[in-house]
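Here the structure is laid out as structure tokens; the discussion comes afterwards.
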Amino acid sequence: MKVLVPVKRVIDYNVKARVKADGSGVDLANVKMSMNPFDEIAVEEAIRLKEKGVAEEVVAVSIGVKQAAETLRTALAMGADRAILVVAADDVHQDIEPLAVAKILKAVIDEEQPKLVIAGKQAIDNDMNATGQMLSALLGWSQATFASKIEIEGEAAKVTREVDGGLQTIEVRLPAIVTADLRLNEPRYASLPNIMKAKKKPLDEKTAADYGVDVSPRLEITGTREPEGRKAGIKVGSVDELVAKLKEAGVV
Amino acid sequence: MAVLLLGEVTGGELSVDATSKAVAAVKALGEVTVLCAGASARDAAQEAAKIDGVSKVLVAEDARYGHRLAEPTAALLVSLAGDYEHIVAPATTDAKNIMPRVAALLDAMIISDVSGIIDAETFERPVYAGNAIQTVKSKDAKKVLTVRTASFDAAGEGGPAPIEEVAPADDPALSKWVADEVAESDRPELTSAGRVVSGGRGVGSKEDFAIIEKLADKLGAAVGASRAAVDSGYAPNDWQVGQTGKVVAPELYVAVGISGAIQHLAGMKDSKVIVAINKDEEAPIFQIADYGLVGDLFSVVPELTEKL
């Protein structure tokens, strides 16, 4: 079967996001960008399915600015077979909303006909946690979000999900969308030879217009600000002093 | 205008805290109708009817809603959506599973994790792991949103509001429930607890997490953990507090052996009183703590447990 993995180019996990002084957004110019960490987990899972002989081909797809080609090269270096870049924005500060991303992915999926889509559960920039669910709705497919384990059994996938209060296991009929949570796996690093090989793997370039999808945002961002700061309090010298302070504050 | 709010029903019981906070958040937007769906949902509906600000409760009791699968519940919400401008749920894992699906079926963009409501179409929400707060204005006819409950106070008691039965919607039958593995605990639920004690990587092992649990039990608190502690296998994932875990805002938050990574702070910085215990006096957690104690947690925490 074919597995499709959407990947997003986002601010690197280790870089602190800084709000621009004019309140127009978070500064992304000259900031290190990487693959969204949850998407790395999704790519890793797809590659493991291929290594187990369950999947025959892994296709990575990214929607955004031209520079997302680098993110796709990372997916190829990890082990994806080929990649599709859908250019939908010119400005690195323009985020394509999950609804528009889902519409483009649906069009890609109509052509590619994968049996399984593994996506990250959430992108660490807009923190929407929505693309997988929205895509599944548009396709009329089943969905298994926040996966910590995926087992393919014939025409179905058994997925263990991380939910409030514990774990839930469900069985979804294929084709299906699964979204990856943190504990699904630990993604590999691409080796240098694989990074070299990735440069020769096919990467198709398309545009949102090729699929006839309008990517204009439904949510107008009218402002971005720093969260309210919290002031440091006091250091106490002993447990007795701490207990006294907590009693004073009325919290114990 | 009117609001349809999906009540959080698990195993036939209403999560009153999450539902009530979501009601309080949105009641200024219009009359609030709460939907309780489940294999058994009538008791939950009775509870929802008593929340102040609820004008009506709809109950959909059917086996297909028993295991909180996204597809049937999303279909039910869409079948009822016609009369409402806002479709809302508390931002629990169940709602995060269901609501974006509802939004896509209505051709609307989901507005996730709303932390502030400016007016009927303008909302605030945290982005970049809480490092920025974005204000967004929705152009969609129907607004579908999830509400970050830690940002709102619970509604009081009122009512009782009238309860109406609704017919189940067609079930797409795309997925099947197999099993639930519920962590059994006598402790309060993490997101609604008045007190939380959390441990980080500094705790050092799964066995030593017992120190954290003892302090929590003495305080009648829920137990939390940093992502580092979860990734190291010291604590289960559903204890995780932070942007990728749960967002909490208790009266008292005790952070033990937690350095204070940005992603952890995003999940607990709205707590009323924060206590930090860490041997590294440079740890960033001290920059947001009301009371900081520099010391070895293995001697400080048992002493604190004894003296409280």
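Cβ coordinates come from backbone N, Cα and C, glycine included.
The FAD binding site annotation in TrEMBL covers B:R201, B:226-227, B:240-244, B:257-264, B:N278. Positions annotated as domain 'Electron transfer flavoprotein alpha/beta-subunit N-terminal' by TrEMBL: B:3-181.
This view paints the features noted in TrEMBL onto the structure.
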| residue | record | Cβ neighbours (10 Å) |
| --- | --- | --- |
| B:R201 | FAD binding site | 18 |
| B:Q240 | FAD binding site | 27 |
| B:Q243 | FAD binding site | 24 |
| B:I258 | FAD binding site | 31 |
| B:A261 | FAD binding site | 18 |
| B:H264 | FAD binding site | 29 |
Filtered binding-site residues - B:R201, B:Q243, B:A261 - keeping only those with Cβ under 8 Å from chain A:
B:Q243
Could you check what DSSP calls B:R201 (FAD binding site) once collapsed to helix, strand or coil?
helix
Based on DSSP, name the secondary structure state of B:H264 (FAD binding site): helix, strand or coil.
helix
